[in-house]
Amino acid sequence: MIDLHTHTIFSDGVLIPAELARRAQVAGLTAMAMTDHGDHSNLDFIIPRLVTVAQELNAAMPFTVIPGIELTHVPPSIIADAAAKARDLGAQIVVVHGETIVEPVCPGTNQAAIEACVDVLAHPGQITEAEAALAADKGVLLEITGRKGHSLTNGHVARMAKKVGARLVVNSDSHAPGDLMSPEWAEKVVLGAGLTREDFQAMQKEARAFLPNQTQETSASLRMLVVDDDAMSRMVLCRALGAHGECLTAANGREAIDAFRQALAENRPFDMITLDVMMPDVDGRSALAQIRFLEEDRDIEPENRTKIIMTTTLSERKDIEGAFRDQCDAYVTKPVRVDELLERVRQFGLID
Ligand SMILES: [Zn+2]
Ligand SMILES: [Zn+2]
């Protein structure tokens, strides 16, 4: 059992990280994210401390601590900025304190968190169908919570998520030892929200993606490269693909060609590349041509060449549809829908 939302004394929890980790281990957990309440005043206080203690504890005990943050009552207009700062400081998971009905959370918080592509939207209260659908598109996980009060809307959150295919996780939001959820209790909370045992298993699988060595746990171990000049797009795509193997990124065509050349040199070629068409410097069109040239130059058989998916906006698509037919393997329209992308990867036979 992995819990992705807990608090220590670095905000309003009562335990220091070492004691919280130990008590969680005894309660039957194998890993937990520590996600103290943060805003622009304390990100640089909390996150480096959690990163440090996670390193030490993970080396010293059979338990995994994931350092993170819960952006709490941060005004919607600056949530994206706070999330970016948190990641820069080393947060491995960014949770946003969603619009629970038991606190005066600013309206628009759910929407802003999803648009910022945070990892988990905690207790999203009366989340709308449109917001849940956007969360599904962006791969933002919606939370079913074990916390009193926040949990009043679990049934609604579960129903919305099921309706639009948004992915879910179950967390305790622990502040004190008595809040920790055993695996048995977590499953009861999930069933109580109208979900099934299979849903509970799927939620735990989502949580495993945050483990530092998650690529070794997956059966398919693909090597993938995401090329896009937009950092947010890179993050969304990598999050979707990361559960299926190693995902590297490049911010322009030049970096992509360098990464491709290096992968060939190391004899660890990419199984798949997503390639943005419009990028400054070397664009996707030139990068594609160059990559295929490198493959031909090495006499790589057509059936062994890297699968390349071009990502394009709808307006570009008219111009380029078919333009790369010989060279690329698929097109997807930006903003990329995670399910559409994974469907393409499935069609290539790279994942089941
Ligand atoms: Zn709290
Ligand atoms: Zn919390």
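Note that the numbers count up from 1, one per residue, in the order the chain is shown.
Glycine is treated like the rest: Cβ placed from N, Cα and C.
Copied from TrEMBL, the annotated features are:
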type	residues	note
DOMAIN	223-349	domain 'Response regulatory'
MOD_RES	D276	4-aspartylphosphate
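Across the range of the domain 'Response regulatory' (223-349), the DSSP-based residue counts are 59 helix, 26 strand, 42 coil. With a 10 A radius on its CB, D276 (4-aspartylphosphate) counts 27 other CB atoms from all the protein chains.
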